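Colleague: Dropping the structure in here first, questions after.
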Amino acid sequence: MHDIASLSLSDVWAGYDGPDILKGISLEVQPGRIVTVVGPNGHGKSTLLKAISGLIRVRRGDITLSGRSVLPLSPHRIAATGVVHVPQGDLLFPNMSVYENLLMGAYGERDAKQTAQRLDEVYALLPRLAERHRQIASSLSGGERRMAGIGRGLMAGGRILMLDEPSLGLAPLVIEQIYDVIGKLRAQGRTILLVEENPARVADLCDDMHLLDDGHIVWSGPPHELMGRDELLAAYLGG
Amino acid sequence: MLDTVVTVLTTGLTNGALYALATIGLSLVWGSMGMFNMAHGAMLALGGYLTFTVCTQLGLPLPVAVIAAVAGGALFGVLLYLVVVQRLLARSTEHFETSVMIATAGISIALEEALLVAFGGQPLKQPFTVSGNLHLGQSVVPLLDLADVVIALIVMGLTYWFLSGTKMGRAIRATAQNRDAAVLMGVPVQRIFLQALAISGALAGICGVLMSSVTQLTPWFGDDPMLKAFIMCVVAGLGNLPGAIAASFCLAIIEAAVEFLAGARWGFPALLFIVIAILIWRPAGLFGRSQIRRL
Amino acid sequence: MVNFIKDRSSRWTLPADAWIGLLVIIIAVAVPFVIQSRYLLGEVILALIWAGVASQWNLLFGYAGVFSLAPMAFFAFGAYATAMLSYYLGWSVWLSIPAGAIVSIPFSLIIGLACLRLEGVYVALLTFAVAQMMYLLIVTDTGCFQQIGGSCVQFTGGATGFSDFGDFGMRPLLHQYWMIGNYAVVCCGAFLTMLVSWIVIRSPMGLAFRAIRDNPGYAMARGVNRFRTHLLVFGISAFFIGLLGGLYAVHFQAIGPTVFSLSQLLFVIASVVVGGVGSFWGPLLGAVVLTGADEFLSDFGEYRSLGLGLIITAFVVFLPRGLVGEIVHLFALWRRKRQSHV
């Protein structure tokens, strides 16, 4: 039902104005898989997503989508190729209604019928948004905002959905709801690149896991194998 | 007594509608890209002179002349973006606000001087006019004022429809509210800035025609309304369109009342004192929340 | 603190400034001997006045980060105060010029109290509106304050302003060379103004400016109060801009509301932008270059202000470093190139 594509990073170096934050990242997101990047705060997880969506410049290496490099593209063109970045802290349009926020998600879609159909899908997946669709985004609760952010990302009908710590700062009950939604997306066969601080929380949810420590990927493999490994302890405790 | 009220309200509402139109043009550009367009006053004059040229000098019908003013304003906005704003945006975000203000001040004086060279400094008669009066008991309301208010309200309505009901308008608002998120949605923000300036220019075009119909057409006639429109933007909270419209009407009525009671020269000082008092009380404006620009 | 070291202004060491200063003074002394035409000397006087005003505006905008559009309001205030003190009270101009400069301080502090709590473009907008308000109040002043002969003089001089309220008294002293006397007086005023700008920039206050501009949070944590610092520099600049206003009024023996015009304000801003924002010698160079350009453009009469507007925009868009900034930049490039060859 969705266009499939694989995202691949090879030896990516990137950073903000100062030193490199990402120091040679290589990873692969195969169609239909949920790939998670875990690691402690401040080790480059958000930077990784920003590099993919073109918000920061890649200094070395390459990022390809279905074999074609996205590096020469400006951020809004990368978004148009179907890489949908749901940023940390939602970044909703605060003075627009939920409905308008969702419509903005489908900005690149020319076909009104497609947009309407996706809106129905999003409302079916996230019924809370349907209830609140006329409400101004800045008046939503934290969990609702997060769902609106994910819904807006889904509206793009993108080929790869990138979620930046969707559970950050939410109450445990709400976190469960959010991961419930991600589980449903998995069942639909979506391709997702998920960034998360807590590996245990997402171990059941994903297919591949990568451990990011100080700008390097120090371990990759099936999620449950990561638990209890030295690399994990070193990354989170070793500083 | 009733006469006084009617006179003050007529002047206040007419000016309020015209200020509101100027304010929307300024606020749109400030909200979407953080640009204080000092050339807006000169663009009002450009609209007035374009109508004058097309209608009075070329003898074409008035509607064509008004459309020419709108199109000319939009074109000037596009040029302003391509020649000046684009380069400043590309250079640095930190100094953009001040450098674009200085650059557009330069553009402003250049455009006004160009109009002076082309048309001379003597006041001209704006061909857009409506004769006759409406009698309300003892008091007289000029039909021209009424026509200006109606047209201004129609233009505001169209602007509202454009911003809330069309995809382009929604993208402009989205860019104003959260530029990074808009980029992630695939919105080409450079093109949005261009569109915002073009629309602001078009609004300046029509606003210039209406304004010069109740005052006189000189190369500098836009400076004074621009300054007042800026003040109204600031009172409302920069970038807040509904607030800016409300502030325009309120301040215009206060201005009219002060001018009637204390003499015309005290209107502007009164406005300025109100603004300074409001800003000391609420630095982000009446309806503005700090750091959040609304559109 | 790294920012301070990187700052372009500190690249100039004390000897460099001293050498340039010496050169400027030598040129200033030589000017009356080289330039015989009284008209041209008048233009040089004008350039010096604008250089002084621009240097203070540069202090405000380029160093302290206060985007004030009221320099001409203070200029006019000093000029009007001088003219009115001499006109109504018959004071000697040697007394009324400093008096005008001094009363500019409380005036600027009142405006500063109202406007400087805000930041950036808001300050620009409010100060611009204040200047415009002064202009409107002066030109619409029609009430007679004094009857002189058959005509009526408004308290503020109204649309015509004041004239013949006194001069420097150079004519009886220097006869046909009186213009050189005026030149010497204005020169002293302008150089004093620039010297004070220099001292302020190099003083602890200059450091505070840069701290506020580069890192407001850190500056606040170290006890630098932005509002008070800005108010202080506002007062200092108002004194010197007012002083130059007084010199201007006395030199021309006339002052009117045209000093408030946008083109006058833009000339000052342009001097700084063309010379180089935040570079000490920029305003002087900018004012001299622009006066020269103005002289050249005056052959084209009506295109004069048009040219000024385009010059400002062109510099902001294409040469944001200004002339001095570009020279420093090219010099640095040249030196790096030479070093790499060695």
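Note: Cβ is positioned from N, Cα and C throughout, glycine not excepted.
Under the heading transmembrane segment, TrEMBL lists B:6-30, B:42-60, B:66-88, B:100-120, B:140-163, B:192-217, B:229-254, B:266-284.
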Colleague: Looking at B:6-30, B:42-60, B:66-88, B:229-254, B:266-284, which one has the highest count of Cβ pairs under 8 angstroms to the transmembrane segment (B:140-163)?
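Modeller: Maximum Cβ contact count belongs to B:6-30.
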Colleague: Grab the same-chain neighbours of the transmembrane segment (B:192-217) for me: Cβ-Cβ under 8 Å, and only residues 6 or more beyond its ends, written as numbers and ranges.
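Modeller: Hits for the transmembrane segment (B:192-217): 14, 18, 21-22, 24-26, 28-29, 32-33, 37, 40, 43-52, 66, 69-78, 80-82, 85-86, 89, 123-126, 128-129, 144-145, 148, 151-152, 155, 159, 162, 168, 171-172, 175, 182, 225.
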Colleague: By a Cβ-Cβ criterion of under 8 Å, what residues six or more beyond either terminus of the transmembrane segment (B:100-120) are in contact with it?
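Modeller: Long-range Cβ neighbours of the transmembrane segment (B:100-120): 35-39, 41-43, 45-46, 49, 52, 76, 80, 84-85, 88, 219-220, 223.
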Colleague: Counting only residues 6+ away from its ends, which parts of the chain sit with a Cβ under 8 Å from the transmembrane segment (B:42-60)?
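Modeller: Distal contacts: 22, 66, 68-70, 72-73, 76-77, 107-109, 111-112, 115, 118-119, 124-128, 201, 204-209, 211-212, 217-223, 225-226.
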